[in-house]
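Positions annotated as compositional bias 'Basic and acidic residues' by Swiss-Prot: 25-40, 84-125. Here Swiss-Prot flags 25-157 as region 'Disordered'. Sequence annotations record features per position, and here Swiss-Prot assigns compositional bias 'Polar residues' to 41-56. The compositional bias 'Acidic residues' annotation in Swiss-Prot covers 126-148. Marked as disulfide bond by Swiss-Prot on the basis of similarity to another entry: Cys157-Cys204, Cys173-Cys190.
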Amino acid sequence: MSFWKNLFTSAFTPISAEADELIKEDRKQFEENTPSKKNFETQSPDEPSPKTTDSTGARDANLSLKTQEPIVSADDAKGAQGKGADEKEEKKETIQPPEEVKTEPPQPEEKEGKEAKEPEEPPKEEAEEPQEGGEEEEEEEEEEEITDPLEKMTQECMDAPDCKEVKHHFEECTARVTKKVEQGDKSEDCIEEFFHLYHCARDCADPKVFKVLV
């Protein structure tokens, strides 16, 4: 047991001594680099300030940058964004493409020539109108020439010997009624005598007209 104890102590004693020396050196270096509160109070203004580590320098630089940056509130940021959007819209409104000027192509001279020729057409229409009027006059003359054969033969039969007696009674009635009308008496008329004469003339004219048509 004592053998193993002596062996363990002889092996690890130098290592522990070296470790203690390293720890002491690191602590001494740390104390030299980090200034204490006592040093700041007792330090004279002529003495140089103790050295600071890189971490403390970086921290001081960040603090100085934060103090220099302006503090912008949320409302100010929104207002700045709104102003930027308004300025962009105004630029879009002001920058507009130039309006295209529509120019009508000049009309060809052929159309003018056609327009100049158009007034010459009405005389042709005027010349055609007299022809149409002449045709209508010819048709009217033909219609006037064509007479109803029944009326013609009925008139002839009234003067025929077969209807001579009936016609005589009609003429006497007509003369008598005319005198009464002149005196203001309208009590008599000759309608019955007229129909007797007309029927007599038709009885005479109808067979003759039938023969002509057949």
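Just so it is clear, glycine is given a Cβ too, placed from its N, Cα and C backbone atoms.
What you are looking at is a predicted structure, and each value in this text was computed from that prediction instead of being measured.
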Original post:
For Cys190 (disulfide bond), which DSSP three-state class applies?
Top reply: coil
Subject >> For Cys204 (disulfide bond): DSSP state (helix, strand, coil) >> reply: helix
Subject >> Packing count at Cys204 (disulfide bond) (other Cβ atoms within 10 Å of its Cβ) >> reply: 18
Original post:
CB neighbours of Cys157 (disulfide bond) within 10 A?
Top reply: 21
Subject >> Cα-Cα distance linking Cys190 (disulfide bond) and Cys157 (disulfide bond), given in Å to the nearest integer >> reply: 20
Original post:
With every protein chain in view, how many other Cβ atoms are within 10 Å of the Cβ of Cys173 (disulfide bond)?
Top reply: 17
Subject >> Separation of alpha carbons, Cys190 (disulfide bond) and Cys204 (disulfide bond) (Å) >> reply: 22
Original post:
Long-range same-chain neighbours of Cys190 (disulfide bond), Cβ under 8 Å, sequence gap at least 6?
Top reply: Phe170, Cys173, Thr174, Val177
